[in-house]
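What follows is one structure encoded as structure tokens, with my remarks underneath.
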Amino acid sequence: MASQCQLDSVLQKCTSLICMKLLQAHLITTGKFQCHPFRSKLLELCAISPAGDLSFAFQIFRRIQTPSTNDWNAVLRGLAQSPKPTQALSWYRAMSRSPQKVDALTCSFALKGCARALAFFEATQIHSQLLRFGFEADILLLTTLLDVYAKTGDLDAAHKVFDNMHKRDIASWNAMISGLAQGSRPNEAIALFNRMKEEGWRPNEVTVLGALSACSQLGALKHGQIIHAYVVDEKLDTEVIVCNAVIDMYAKCGFVDKAYSVFISMSCKKSLVTWNTMIMALAMNGDGKKALELLDQMVVDGVDPDAVSYLSALCACNHAGLVEEGFRLFDMMKGRGMKLTVKHYGSVVDLLGRAGRIKEACDIINSMPMLPDVVLWQSLLGACKTHGNVEMAEMASRKLVEMGSNNCGYFVLLSNVYAAQQRWHDVGRVREAMKIKDVRKVPGFSYTEIDGKIHKFVNGDQSHPSSKDIYAKLDEIKFRIKSYGYAAETNLVLHDIGEEDKENALNYHSEKLAVAYGLIKTGDGTPIQVIKNLRICVDCHLVIKIISIVYKREIIVRDRARFHRFKEGVCSCRDYW
């Protein structure tokens, strides 16, 4: 008869479902199936291993006369990580009604199912139960709970769980930092990372991934540089996933040269994601030729480009105005039989639209083997706005209406087209349609980092503590740039109002407020970084170009689509965006 140690050894070597069935048969024929502790281990292996089969785990479970807590947990764990995690919640409820006692692992597996199913309500119920069961001292369980709250969008509840933990481990900190970074509270993620170090904890690769993600969202270069220095000191840069995050952080802070420096100096082997991240970084910063060179280089280095690689390269052509190069790349993809997605077609449509070849862009849409999405028609509408093509703009708008789009973007773009032609009646008609459909324009806002602190501005904002100084600086800027021939692009204002009122409306855009604050609070020659949630407008682009001459400053603006690096009156986009 096989001993416990022999069975454990066999189980560790079990790599097929047939082997698992043979082990079950052995337990049954030896009369040990109903009482042997090995049974739960076999059940768990069937439920969670790649070689296993969850349906066979159910068969094993049904043969057990009196399932133990471990037996229930084995199936629950398998369900929690299965393609249908909601079944884990049903299993948990069934177990709660059974004679077997729920333990901390039971709650933990059920909560993991909640996290994957985004089941917030069920998570709150399990939270109440684990408190009733007295499991609130279990660090692993509470970490899983706060992770569920973070993933289901209740960051306040996640933070409350974190703050109330009597003890924490590295996983607790990581879950909270990642939750804040991914849940649109990156400021707090960075603050928590700093607090973690102050309390004597040693961040690991998971911690820095969350913190670097937060820096990328905010364009928080100084914080990112501090984290990068920590990565190097702790030799975490031997992990390719960490290097990828550092590259992405520098790129999204507008310093593509620093990103490239990390890329070429990596001691670990570059992954496909590494190459794709760097190509997209170059694309977003307008260096299309270098991005295409990198695409060729990755092939030389033995890395096969995937659909993301080619999409990044197409974006590079798009942002650099490399129309013919983009077309050649697109034709090459089709020639190689690559599966093209709507995003690949969308990039080509945007490429043609930006170049003013709107009819060709429309022909590409009509030739697609799949249905175009909303983004594609919005790209065409954006091109119509840039080139003043009212007829095509109205056609694209009708398509968007047919698709049921209520995104404020296309209403604003169509209004822009009409406003540029001073068709105020049509502007009013669009605005009335927005009211009827309850579509609200997304307010423009911008961030800038000064001395490690993030400052946020909205259009016309007067809530900032330095608001009075900022507005005085804007008046000074307005006076000084007029000597360089500046005239406000008042045709962009979507209201039939006087020219002076239009100029004032343009003067207080969020990116101008952020730049003005940067000029006040930073020393001569210091670069100013700004992140904007929408595309930068033509007037702001012109003003910041002149500011870079007048104040001898380099200004980096990251808008929704790309980076603009202003220096000595020239933008890296070469006025093509």
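For all residues, glycine too, the Cβ spot is worked out from N, Cα and C.
Listed in TrEMBL for this protein:
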DOMAIN    485-577  domain 'DYW'
REPEAT    138-168  repeat 'PPR'
REPEAT    169-203  repeat 'PPR'
REPEAT    271-305  repeat 'PPR'
REPEAT    306-340  repeat 'PPR'
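With a threshold of 8 Å between CB atoms, the same-chain residues lying at least 6 positions outside the repeat 'PPR' (306-340) that come near it are 272, 275-276, 279-280, 282-284, 286-289, 291-292, 295, 298, 347-348, 350-352, 354-355, 357, 561-562, 573-574, 576-577. Counting residue by residue with DSSP, the repeat 'PPR' (306-340) contains 27 helix, 0 strand, 8 coil. Residues of the same chain lying 6 or more positions beyond the ends of the repeat 'PPR' (169-203) and with a Cβ under 8 Å from any Cβ of it are 139-140, 142-143, 146-147, 149-151, 153, 155, 158-159, 162, 209-211, 213-215, 217-218, 220, 223, 227, 230, 234, 454.
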